[in-house]
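Annotation comment: Swiss-Prot describes 81, 84, 120, 137 as isopentenyl diphosphate binding site, evidence class similarity to another entry. Among the features that Swiss-Prot reports, Mg(2+) 2 binding site is placed at 127, 131, with the record citing similarity to another entry. Summarising the annotation, Swiss-Prot assigns Mg(2+) 1 binding site to 127, 131. Residues annotated as dimethylallyl diphosphate binding site in Swiss-Prot: 136, 230, 231, 270, 287, 296.
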């Protein structure tokens with residue numbers, strides 16, 4: 001083991017349960033339950049947060065600024081389902097096929113998992129401002145929360161800058177834990193690429209409804225393009241691709257195969273999300289759905305246009321995109337008349353069968369990587 005590897009092992013060992021006589025790169029971790037893996041994942045969050053915060057005094061940041069950053073990270077990064085973050089570890093476990101991961105590998109996979117969660121937080125803080133969303137994860141969106149310094153207003157547009165800080169944290173953590181890894185540049189590339197793809201997806205999402213009542217852009221082709229870039233890359237491809245890099249996979253066909261399955265899986269996930277935005281309970285999904293009020297190009301409106309009568313579509317043009325309860329309820333009533341719940345159920349079953357068929361044809365990497373991810377989202381909270 002070279003000096004750089006020894007230094008990295010020593011740094012990681014500081015954050016793990018005491019095993020001072022053990023070589024961190026050779027010691028296998030005991031097999032754990034899903035609940036224990038989640039607990040381990042959550043346990044390192046304050047460690048990573050501290051890595052960010054401890055740099056700030058040396059940058060001459062005053063106490064109130066440090067406190068702001070700490071609260072902003074705690075509110076926005078933690079508290080979700082953490083499925084994206086845990087997918088890195090779960091995928092790596094399956095990719096090494098038959099070998100038990102070392103404690104060091106588990107820790108590093110969880111660091112990358114938290115970087116994915118930080119990326120998600122960066123997107124959501126900005127997205128909530130652009131969409132004028134009300135709640136996130138069962139509490140007011142960050143920009144709507146009380147300003148912790150002035151105490152006489154909300155955080156408001158300061159949250160825009162906070163989203164930038166959240167993005168910067170990702171690269172601080174990657175540099176600290178992965179700078180000496182052979183795949184360091186690849187990790188940086190994929191995070192930069194995924195950020196750009198998601199930002200383009202957000203632009204597509206925000207510019208497909210320029211005039212209320214104009215449904216010309218509300219097509220499934222437009223919808224699929226939005227979803228591919230806004231959701232599928234960062235939610236599905238990124239965590240698995242990070243695990244592949246950690247596993248030493250460099251084959252271009254392997255990454256192409258992963259993308260070929262994970263991007264359609266991301267569309268499947270977003271269609272579920274659109275359905276839940278309309279019919280899901282805020283207590284279950286953690287937010288108040290606003291796709292109708294915001295005139296969004298959602299799967300629901302695209303299917304309504306495809307399956308509705310001319311009279312129903314004309315009514316939708318009059319009432320879709322208006323921010324008041326009466327219009328929203330009328331839109332939902334029309335959705336019910338068109339039978340969107342049945343259309344969604346059929347779509348879900350057909351998409352699941354399609355994805356299973358694609359997964360069964362995979363030979364270049366373990367099929368279970370994709371099966372495990374699909375099992376997490378099929379029939380979720382519906």
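In case you wondered, yes, glycine gets a Cβ from its N, Cα and C as well.
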Collapsed DSSP category at residue 81 (isopentenyl diphosphate binding site): coil
Three-class DSSP secondary structure - residue 287 (dimethylallyl diphosphate binding site): coil
Cα distance (Å, whole number) from residue 127 (Mg(2+) 2 binding site) to residue 81 (isopentenyl diphosphate binding site): 18
Residues close to isopentenyl diphosphate site centre defined by 81, 84, 120, 137, Cβ within 8 Å: 80, 82, 83, 85, 117
Chain-internal residues, separated by at least six, CB under 8 A from residue 230 (dimethylallyl diphosphate binding site): 198, 201, 202, 204, 205, 270
Alpha-carbon spacing, residue 296 (dimethylallyl diphosphate binding site) to residue 84 (isopentenyl diphosphate binding site), which is rounded to whole Å: 24
Distance in Å spanning the most remote Cα pair of 81, 84, 120, 137, given for isopentenyl diphosphate: 15
